[in-house]
């Protein structure tokens, strides 16, 4: 069931971030992504509280990404990891270029 829950939310040309809103790392990751202007439908925030039991979901994250923690961030169906991974990309000034290359940003 966790696999279906996650896979239904992942799509090409979309950024998906799985969060827990009480998590400070999740809020920080959302702050980074909120600097960008996404096309409609190209960015989805998924609260992991929507899935029970949460441990099953975290087990599936570990299986497909190597990590159980949130945030879990996907560009298309590819995991880029968590907050520290995205922060590193952002600090290299590469995040905007990556998001542009996958076609999720507004161009105007």
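Note: Cβ is positioned from N, Cα and C throughout, glycine not excepted.
Summarising the annotation, Swiss-Prot assigns domain 'Glutaredoxin' to 3-106.
For residue 26 (disulfide bond), the same-chain residues that are 6 or more apart in sequence and have a Cβ closer than 8 Å to its Cβ are 17, 19, 20, 70, 71, 83. The DSSP secondary structure for residue 26 (disulfide bond) is helix. Taken from Swiss-Prot, the feature disulfide bond covers 23-26.
Model confidence over the domain 'Glutaredoxin' (3-106) is summarised by a mean pLDDT of 96.
Sequence-distant neighbours of residue 23 (disulfide bond): residues of the same chain at least 6 apart with a C-beta under 8 Å from its C-beta are 70, 71.
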